[in-house]
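Q: My structure is below; once you've seen it, I'll send some questions.
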């Protein structure tokens with residue numbers, strides 16, 4: 001479907017399913033922390049749960065939920081028949097299940113899934129990470145593409161499809177909030193893409209962006225990541 005209501009519902013259902021996945025991981029984390037010492041899961045598996053839980057909750061539960069609401073409400077609020085780019089809208093949703101399938105499948109790779117925390121600071125995500133880091137990075141790239149497509153669609157819809165007489169100052173606050181959010185997403189998603197690409201090349205292709213031995217700087221990762229992270233939140 002290219003109908004904005006259908007796609008909004010798909011986003012909300014997807015968000016709910018990811019919320020259950022992320023919630024199950026949170027239960028593993030809390031159960032292990034119930035009392036000191038090893039109880040249920042190995043430390044490495046605990047770290048994998050922490051990493052994937054964070055990513056699923058941010059990119060799989062929270063953001064698609066807001067995107068579902070945006071798809072449902074923005075065209076109604078501005079008097080548009082649909083989003084401006086309905087086929088692109090469809091695509092931005094359907095690449096998400098593949099991204100999260102890739103992310104979750106990394107847990108079953110030899111050496112285990114990503115185990116360096118959802119903020120994946122270097123050198124934990126470069127020098128000391130398992131080979132499944134490659135799947136992790138590709139999944140993040142796809143999530144970022146989806147976010148940028150959504151943001152472009154929101155901006156084009158709000159700018160071009162407002163009903164006659166609906167001036168900027170008559171837009172509902174929800175629409176204004178999404179317009180600003182969309183610009184922020186377009187600004188910061190390429191920054192995240194750059195950060196994870198540098199993690200990938202540091203790990204597999206011998207670069208030294210975050211390795212002090214090669215003239216890099218691990219603190220630079222934090223600067224780049226939070227240049228993405230704060231506007232994103």
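Cβ atoms here come from the backbone N, Cα and C positions, even for glycine.
When I checked TrEMBL for this same protein, it listed these features:
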- 1-233: domain 'Cytochrome oxidase subunit I profile' (DOMAIN)
- 12-31: transmembrane segment (TRANSMEM)
- 51-73: transmembrane segment (TRANSMEM)
- 93-113: transmembrane segment (TRANSMEM)
- 133-161: transmembrane segment (TRANSMEM)
- 173-200: transmembrane segment (TRANSMEM)
Q: If you count Cβ pairs under 8 Å, which stretch among 51-73, 93-113, 133-161, 173-200 touches the transmembrane segment (12-31) the most?
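A: Answer is 51-73, with the largest number of Cβ pairs below 8 Å.
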Q: Of the stretches 51-73, 133-161, 173-200, which racks up the most C-beta pairs under 8 Å with the transmembrane segment (93-113)?
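A: Between the candidates 51-73, 133-161, 173-200, the best contact partner of the transmembrane segment (93-113) is 133-161.
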Q: For the domain 'Cytochrome oxidase subunit I profile' (1-233), what is the mean per-residue pLDDT, to the nearest integer?
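A: Residues in the domain 'Cytochrome oxidase subunit I profile' (1-233) carry a mean pLDDT of 95 in this prediction.
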